[in-house]
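Some features that TrEMBL has for this protein:
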- 100-382: domain 'Peptidase S8/S53' (DOMAIN)
- ASP109: active site, charge relay system (ACT_SITE)
- HIS144: active site, charge relay system (ACT_SITE)
- SER336: active site, charge relay system (ACT_SITE)
Amino acid sequence: MLNRINNNTDTDEKVSIIVLSRNLEKLRRAKVLETCDCKIKYRLDIIDAVAVELPASKIKELSQIREVSFIADDSKVTTQMDVVRGSVSSDLSEDFGYDGEGIGVAVLDTGVYPHEDLTAKGNRIIAFKDFVNNYNSPYDDNGHGTHVAGIIGSDGYSSKGKYRGIAPKTNIVGVKVMNKEGGGSTSDIVAGMQWVLNNKDKYNIKIMSLSLGSDADLRENEDPLVKGVNAVWSKGIVVVTAAGNSGPDRGTINSPGISEKVITVGCSDSKGTIDITDDVISDFSSRGPTVSHRSKPDIVAPGVDVNSLKSNVNYSPSNKSIAIKEKSYLKQSGTSMSTPVVSGAIALLLQKEPDLSPDNIKRKILRCTKKIKGTNYEQGKGLIDIKQLLS
């Protein structure tokens, strides 16, 4: 039970943990958390857990309570950042008439800057929730989340259409769970997932995009991130998550990408060409299998030198300085960039076929791929083919 907890448990140093429960209501009624000097940060109903802070010396006592099934560190999670539209055959607005209009995509990340490519033709950042600094309106003091959101839904306003996202009329729901350094806690991210579930009907959230992850060293039924994404999936929201940037070694898939349910995305390098015969798997892209010996990633998408939106990281709702205009875009690489390519593609698919379930979407995605150089543990079913997906 305590394999993720610091071995030094005989001190009064405060530690942050997530307590998984067999019966969360009974655990609360018994008030055992109070007797262990726990300060409750979140009640995480979607995974039957509570996130708490307590003295390390109390962990053993807490672990012996019948209602406690497992205790995990409230571990650190990081962003997964280390020619997209053409290289995945995705310039689709003219070819197919799909642009993701009306589909809500929740981006759990460092925030979303109100870039004019998301706001000038009508504000498509339709909601924003901040678990880090508790602001009520959109901002991004790191830039990662804005870049991700742009890959999904930029309309290319600042570039006269040159740098559009995959689904340029999608609605973005920004959920800030990562700080300005690009780090966050597991509990904040699970709380963000819970907020998404609570607001999915209000904002028509159909997709949750996670360009983040942490080391996968827990079993799936004990991993709070995996339990969180599985709960979201079971409620009808497609979850797309980064494989991680821990390659090229095998067995390096990050959590929550180890989940059997979700769509886990690795990174391919298009070498700057539309022709996929020269495409390769990026060295940094995490490889399978998972800790449960499951084949992952599920698919790959381009994620090297992707041009997308640049945030003014000095902007905040309390410091509304004039936006930086001279550089509206920047290039970044990582499975963080591959993941929103797939999220955007699913937004297009759901516009075409709005009644598809997450399981049906995943099956369809896995059939609409092209093999490139690399093993199954590197690329899964292969490079996503969006034209085939929508045909």
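One is the number of the first residue shown, and numbering goes on along the chain from there.
Using N, Cα and C of the backbone, Cβ positions are placed for all residues, glycine too.
All TrEMBL annotations are machine predictions without curation.
For the domain 'Peptidase S8/S53' (100-382), the model's pLDDT averages out at 95.
Residue density at HIS144 (active site, charge relay system): 25 other Cβ atoms are found within 10 A of its Cβ, drawing on all protein chains shown.
Every protein chain shown contributes to the tally, and the Cβ of SER336 (active site, charge relay system) ends up with 32 other Cβ atoms within 10 Å.
Less than 8 angstroms from the CB of ASP109 (active site, charge relay system) sit THR79, HIS144, GLY145, VAL148, ALA149, GLY174, VAL175, LYS176, VAL177, MET178, SER211, LEU212, each of them six or more residues away in the same chain.
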